[in-house]
């Protein structure tokens with residue numbers, strides 16, 4: 001099936017990939033050139049893993065996971081395969097985010113720096129906790145075939161909204177973290193004097209902001225959503241609108257997978273068979289018991 005506005009989608013997708021990749025590269029250049037490199041020894045070198053892992057996993061990979069259902073080349077793939085890819089990307093992002101937290105807490109503890117005192121730390125930890133809950137919800141409700149369709153339909157809007165909310169929260173936390181680090185680290189010359197490191201890192205922040213804006217635009221265009229599965233029957237908790245986006249985070253206005261539609265079709269077939277059986281029984285009874293007027 002052809003995608004409406006395919007050229008526009010392709011241009012935005014390539015732009016998002018380019019800006020996201022540049023964000024990761026700029027982060028590496030920042031910590032390797034301006035912040036003395038990477039290590040795992042309780043020093044500032046260990047702290048430097050924090051921005052690298054957050055931008056790589058919690059920004060770039062998470063952004064790709066959000067729009068994976070929108071890729072038209074995957075529309076012929078089974079919904080289960082796409083769910084698995086979506087879950088896999090989100091799992092990688094979660095692992096990198098957790099390691100980044102370990103790095104920053106190790107550094108703070110080694111240097112006797114208080115933990116969790118800044119707004120950046122509050123927002124960042126909140127985003128990680130919500131993201132892990134979101135990942136578990138997606139795994140047990142939408143990936144594994146345990147939850148009834150009515151439960152999936154009920155939780156889908158929450159799953160979609162929370163995924164986008166978490167991604168936006170991550171972007172905000174990263175921008176706060178970059179500013180906080182520059183204020184503490186740049187003393188001579190000061191951050192306010194626009195030294196080269198300050199300008200370079202501000203540019204990194206703009207790249208991350210643009211990447212987030214592109215991802216939000218791609219995932220919110222209804223004409224670029226994954227088309228419905230053929231012969232799919234959607235079960236709604238209240239008989240209302242069809243099931244929403246399949247995200248995690250997720251994040252794409254889709255439908256139930258083939259296994260769900262097959263279950264619905266099988267149930268409908270059973271009902272038809274029962275109706276035919278009842279009709280046949282009534283017909284047989286009328287033949288066996290002639291009327292009293294005969």
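Glycine too: its Cβ is placed from the backbone N, Cα and C atoms.
The transmembrane segment annotation in TrEMBL falls on one of the ranges 52-73, 228-249, namely 52-73. Within its own chain, the transmembrane segment (199-219) has Cβ neighbours under 8 Å at 9, 12-13, 15-16, 19-20, 22-23, 26-27, 29-30, 34, 55, 59-60, 63, 66-67, 70, 164, 167-168, 171, 174-175, 178-179, 181-182, 245, 247, 251-252, counting only residues six or more beyond its boundaries. Over the domain 'Cytochrome b561' (15-220), the average per-residue pLDDT in this prediction is 96. Between the transmembrane segment (85-105) and the stretches 9-32, 125-146, 158-179, it is 125-146 that has the most C-beta pairs under 8 angstroms. With a threshold of 8 Å between CB atoms, the same-chain residues lying at least 6 positions outside the transmembrane segment (158-179) that come near it are 50-51, 54-55, 58-59, 62-63, 66, 118-120, 123-124, 126-127, 130-131, 134, 137-138, 141-142, 201-202, 204-205, 208-209, 212, 215-216, 219, 244-245, 247-251.
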